[in-house]
Structure formats: structure tokens, C-alpha cells
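A short worksheet on the structure shown next.
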Amino acid sequence: MTIQWFPGHMAKARREVTEKLKLIDIVFELTDARIPMSSRNPMIEEILQNKPKIMLLNKADKADPRVTKEWQAHFEQQGVRSLAINSVDGQGLNQIITTSKEILKEKFDRMKAKGVKPRAIRALIIGIPNVGKSTLINRLAKKNIAKTGDRPGITTSQQWVKVGKEMELLDTPGILWPKFEDEKVGLRLAVTGAIKDSIINLQDVAVYGLRFLEENYPERLKKRYDLTDIPEDTAELFDAIGTKRGCLMSGGFINYDKTTEIIIRDIRTEKFGPLTFEKPES
């Protein structure tokens, strides 16, 4: 599954981010805790150069907490601080300013020693579409400043947002890479809703989701669809789920489109519980 989705405003955002970097003290790279690596844009490291950074693992409530800890240990080994957060209910957000101050202490001490007047921390928030940037900004600013929604690509321009007196945030449109070289990256992004359903083959996504559940959370899969065992053949598994869910057409044939829709919706709405679709070693 080769997916190419790089709207013009994203190319423009990349140029503007590069220009604004000199104003920035620290970068918040927002990722989806369910797919911490697949939801990172490979271009971001190249764009950000050596700016101090915090990895924000958003939607942590939807991710397997055990695997989230593995990811945090992985980033720590790379010398990168990370925080597991939930921008919807505010979990972990109070640590963002505190951690930023710790990371930037030396820089601000040097500025103070040179007689530079104290100012707010300037942070850049960056991430792929639909990872929750606008919701996070609204939470931090305690205002409904940024447009939010479940459709990828809602923010289309950059804006500075004040977070109390201690921080100023520069929001950017979601920057997605031009194409996904690794098919599994595309599937992980699709199954979590990071890219538009209209540009992907949803049946491929449902098959990926089912096989992932079979390998990693088989009991949850069986329980959800009341299966005594999981058929090895994908078509048989679809048939079993379609039958259990009443997705039948005239003549008793399975409605695969409806079955696909149910499987993807069940995954995205946590009917299988919190899931993480990749581990650090993968």
C-alpha cells in the first residue's frame, strides 16, 4: 500500500519551520503513543537540527501502558526526554513546562548572567496530522484557540499561542512525509486514523489490524467477536466476524465492506482495550 499525501500547506510549513527555528528554545515533538515511531516524520530530525526536544507521547490512554514505558526507556537511552500525555483530559500536561525549564536551565542562566531580561520559553510544537496538536494547545492555553477535529490536516497556518506567562507556543500544520516507503508505517497510520480513509484501501487496514490482534492480543480478539479460535485464513476470519455481527447480504453472503467498517471502528474506539501497534525493537 503506497500512500502519497503531501498537501501544499505542508511543504510551506516545512520551509516556515526552518525559518522560525532561530526564535525557538525547545521543540515538542508530538507523536501518537500507539505508534510512536510510525507517527514521527523522518524529515523532522533533519529540520530541527540540534534543538532541545521533548517527545510527547499523546493519546497515552489509548496505548498499552506497558509498551509506552518501553518506548520512554528507549527514548531515554537516546538522550531524549519523553512524557506520556493525554491532551483530551490533561494527563501529564503539568509536566511539560516543568521539564522544559529543567532542560533549558543552563541556557536561561547564561542569558541572565549576560543581563538579558527574563522572558517566556518559546516552544515549537510539531507532529503529523491528527496527532492532537490543536487539542494540546487549547488545553495548555486554557482557551479554544486552535481548530480541532478528527480529520487529518485541520491546522493550515502557523500561530503563536501564549501559555500563561511562562511559555509561548508556535503551532504548525501537521507535517506528513511525501510517501511511506515502509508499507507497515502506512498501515499503522491508517489503522489509528492519522490519514484520510478516502485515500486508503480500508480492507487492507482491517486485515492488518486483525493479524496484529491475533499475534499480540489474541484473547481480546476472541472475546470481542465471541470466537472459540481464530481461523488462519483471513477470508474465514472475516466471514466469522461478519456472521457474528450480522453483516449479511441477500443469499447469505458476507458484506465485507460493512465487516471492514466494524473492525476498524472497534480498533479506533478501543473496543479491544488500549493497543500499541509497534515496539521499540520493531
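Each Cβ is built from the backbone N, Cα and C atoms, and glycine gets one as well.
Around Ala60 (GTP binding site), the same-chain residues at least 6 positions away in sequence with a Cβ under 8 Å from its Cβ are Ala33, Thr68, Ala84, Ile85, Asn86, Gln91, Gly92. The GTP binding site annotation in Swiss-Prot covers Asn58, Lys59, Ala60, Asp61, Asn86, Ser87, Asn130, Val131, Gly132, Lys133, Ser134, Thr135, Gly174.
Annotation comment: Swiss-Prot describes 14-178 as domain 'CP-type G'.
Residue density at Asn58 (GTP binding site): 29 other Cβ atoms are found within 10 A of its Cβ, drawing on all protein chains shown. Within 10 Å of the C-beta of Ser134 (GTP binding site) we count 21 further C-beta atoms, all protein chains included.
Secondary structure from DSSP puts Ala60 (GTP binding site) in a helix.
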